[in-house]
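Have a look at the structure below, then the notes.
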Amino acid sequence: MSHITAPQSVALTAKLRQTLGQIRPAHVVVTLVLFIGAWLMIFPYIWMVSSSLKPAAEVYDADFSIIPKTFAGVKNYSDVLFGQPYPRFMLNSLIVCVGILAVQLLTAVPAAYALAKFRFRGSAILLGTVIACLTIPINVTSIPIYLGLVKVGLLDTYMSMMFPFFVSVFAIFLFRQFFRGFPDSIIDAARVDGMTEIEIVLRLILPAALPAIAAFSVFSFVSHWNDLYWPLIVVQSQDKMTATLSMMQYQSEFDTNYGRSFAAATVVTIPMLLVFLFARRAFIRGITMSGVKG
Amino acid sequence: MSVRTTFERRQNRIAYAFVAPATLLIVLIYLAPMAMVALTSFTDYTLVSDYWEWVGFDNYRQMLADPAVSNAVRNTFVYAALFLPGAFIIPLLLAIAIQERKQFRSILELVYFLPVTSTLAAMALVWAGLMDSRQGVINAALGWFGLGPLNFLGDPGTVLFALAGISLWSVIGFNMVLFLAGLTAIPRSLYEAAAIDGADHPVDQFFRVTWPMLAPTSVFVAVTSSITAFKLFDTVAILTKGKPDHASEVFLYLTFLEGFEYFNMGYASALSVVFLGVIFIFAAVQTFWADRQTHS
Amino acid sequence: MARLTLSDIHKSFGSTEVLKGISLDVANGEFLSLVGSSGCGKSTLLRIISGLETPDRGTIEIDGKAMTALAPKARGVAMVFQDYALYPHMTVAQNMAMPLIMARLPFHARLPGMKWLTPHLAPLRAEMAGQVEQVAQQLHIDHLLERRPAQLSGGQRQRVALGRALVRNPTLFLMDEPLSNLDAKLRVKVRTEIVDLHRASGLTFVYVTHDQVEAMTMSDRVALLQAGTLLQVAPPATLYAEPQSIDVAKFIGSPEINLLPVCAEPEGLRLGATLLPLSHGFKPGTDLIVGLRPEALRLSAPGLAQLRPAEGPELQLDMVQASIEDLGSEIVVHGAVAALPDIALRIRAQKSLQSGVHKIALPERLSLHAPMATAVIFDINGKRLDPQSVARRQEALA
């Protein structure tokens, strides 16, 4: 019995020594620094939610506490959701983001497929144009597009809010890279089986490209929800105001209505936190895929 | 032969049908506006009056003499100088530290990435609250060390620091994810070969394997971060509007003011052309570098 | 110059035990192959020898010095990786110089940019460059020194990897499936080059492969590993002719050895209706397995040349032919024992040049002959029955 347990206990102490040996002081310090940094990263959210639950007078109380002394959450949030047109703002944002995404996918998927799998006159020029346009931000083209929208009298409409984003050269480029990896032999086999090109796109290419499409969709949704620049230019009425743009009006009210301001900020950020929680992987895939283009 | 050509012609027709909508929109959204912005930059067009005329390079000449422009350029450079080193080094160190960790890796990744998807316009308000000159939490913390209080967003000397800090907070997770992807792509066998060759000290590992293998990612991060720095807009529009005393008036915000507040479309177009020129330089750096990599 | 001694090496990953007590001695200057199917633990064993993994239990000694706790660089081993693991950002010369730089330059001189700040080390750097040059010449890659790995062919990369390993003057040379990324023709060429390298350098080589042909053709001894245990360590010829177990017999040799389940009877070994004239020494009723190499079997059929009668007892079997593979120099006949269709048979025969270009035709029913001396006998658990004891028992009964 004793000579059975002896090696076991040796192995056990060895294992224990190994585990203890892995705890190096430098490692502990780095871990500590990482967690302090992490606290700094999330503290603004904690402060925001905490402040959104406080009455105005308590937000800047000299002795700050995370738990509100007087709970004003119900009042603040009902002010935001019922006293102000926040449901409207959120709906506007949603309409704009979904509209943009739908048209982006409708235009980018077939174009990317043609660029990836067809050789036609002008395909090289088109691809070159797409790649060149990757670098051009909306800030450069905003003036002519704005003037054009003024000319046709579309300012302050959903159309004007969505139009500059109807084609995403990023999506075309990303999907083309993805489609190129799709085996030609399968497409040829489908043609032999009598599928039309549209059927090939819908039944073969799209299902295979779902990860890329999901990644791009999350990416597109997040960037247009968070966009401040373009709505600031084309939106004029409360009626079309987006959730993000509504943050502008708190600058003027900021001094008086702290609790409510931060309740509004929380409401605006919540959809993005949901995206973060449920679609973070897809979003990160979108980022890293964009990094690949190099 | 003829069967083949009809098939090809049919394929061609389909291809054109597939690219037609996207091509039309690219012309409307990118090409035509680009041409228009270049043309408008040679006019004195303002939205206020219908009368305009060609002024040649006057707008560009005016730009060189305009103190507002030189102020905006200086502010942008100062901001970039404050923002870029942190936006590069902090995520790189974070990625390396987090990559090595078995425990806590996913929770740390999660937390550092959180600000990336958040609405910066909303979080900017929160930062303004944290940075409040009298009762803000940050000044309270500084008070603990016997410092401050600082009027972060209201003092011309600190406002660019404050804006750079907020931008850093929002971009660290983004760059960290890029670096993490770059690190994961380095084959493990290279580190093993290095260990056999004698390079098992972390410093040797970093300079012999990690850093050179990370080069493409580093260039990408540096270029995208530079463009991000140059495009600073949201926090300025929400928090400072270029104040105090134009100390936070950066290039893109000035362009926005000229175009959409003062409606000097000709002048704003000229500023946009310059803006695009700078972005193209960054893109050229990246392309040149990528080319050099593939050809060597 | 190194003798490698492994004693009782154990290694587990999580709950899977990859190595279950490996003890092995590799003599100075020996070429030993670790062979086995994928997942048998051979690569893990190699990585434990190199120091990239630490064993859970057991010791590694090189020339009697304990190595178990030492870092890879302190063991004096060189390793060639399956994917070569060349540094893609370095030139061939820089790749090959890496082990020298790490061993000879002080830490501060290895930091980036220090080349210009440490001019007093220039002679040392030049000396290292000279060494790299010399090894490169030896491997005929001196014209490639300024290229990067991406600009090299597979064979050239392989040579650079060998060079990087050689340049550090190792005592022990480890190779992890170094030929698996080369095409078939090149593989044969590099195979002989590695053997030449071994002969010329006189170093101890430990070579991991899943390819029995590599193991058989290159090594002094082969260690066959299966599921974390060593089945047999022996020179290639011994491994082929005297396998200690059915697993060894099945792994080595292509086409695979024929295995016939038999039952011992007083008069011989019964295979279905046939009685094999062998070994009256086994206890009647014992189930045994007879192994016969495909080339030990000879065919006879009406129309074929008469076989010369063999010496000693001969086995005769009727066979139903299923297919013929004509490999040019030889044919492989697949079929089944006539009486027991479940028992597959493989026969390998030399083809005479007279058979010419005609498609080989054989009747469906064939008769097989094999001298019983070539048979290996296993017990029902697959363990080889000692040939001497079999012979002794036969003598005793005769």
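The count begins at 1 with the first shown residue.
Glycine residues also receive a Cβ, built from the backbone N, Cα and C atoms like all the rest.
Listed by sequence, the residues of this chain that lie at least six past the ends of the transmembrane segment (A:26-47) yet keep a Cβ under 8 A from its Cβ atoms are 66. Residues annotated as transmembrane segment in TrEMBL: A:26-47 (among others).
Residues 158, 161-162, 165-168, 171-176, 178-179, 201, 205-206, 209, 213, 216-217, 220-221, 224-225, 231, 240-246, 267-268, 271 of the same chain lie 6+ residues outside the transmembrane segment (A:89-113) yet bring a C-beta within less than 8 angstroms of a C-beta in it. The transmembrane segment feature in TrEMBL is assigned to A:89-113 (among others).
According to TrEMBL, the domain 'ABC transmembrane type-1' annotation covers A:90-279.
When Cβ-Cβ distances below 8 Å are used as the criterion, the transmembrane segment (A:125-149) is approached by residues 115, 155, 160, 163-165, 169-170, 172-173, 176, 229-230, 233-234, 293 of the same chain, each at least six residues removed from its ends. If you look up TrEMBL, you'll see A:125-149 (among others) marked as transmembrane segment.
Taken from TrEMBL, the feature transmembrane segment covers A:161-179 (among others).
Same-chain neighbours of the transmembrane segment (A:200-222): 97-98, 100-101, 104-105, 109-110, 113, 168, 170-171, 174-175, 178-179, 182, 186-187, 190-191, 272, 275, 279, 282-283, 285-287, 289, counting only residues six or more beyond its ends whose CB sits under 8 Å from a CB of the stretch. Positions annotated as transmembrane segment by TrEMBL: A:200-222 (among others).
Residues annotated as transmembrane segment in TrEMBL: A:258-279 (among others).
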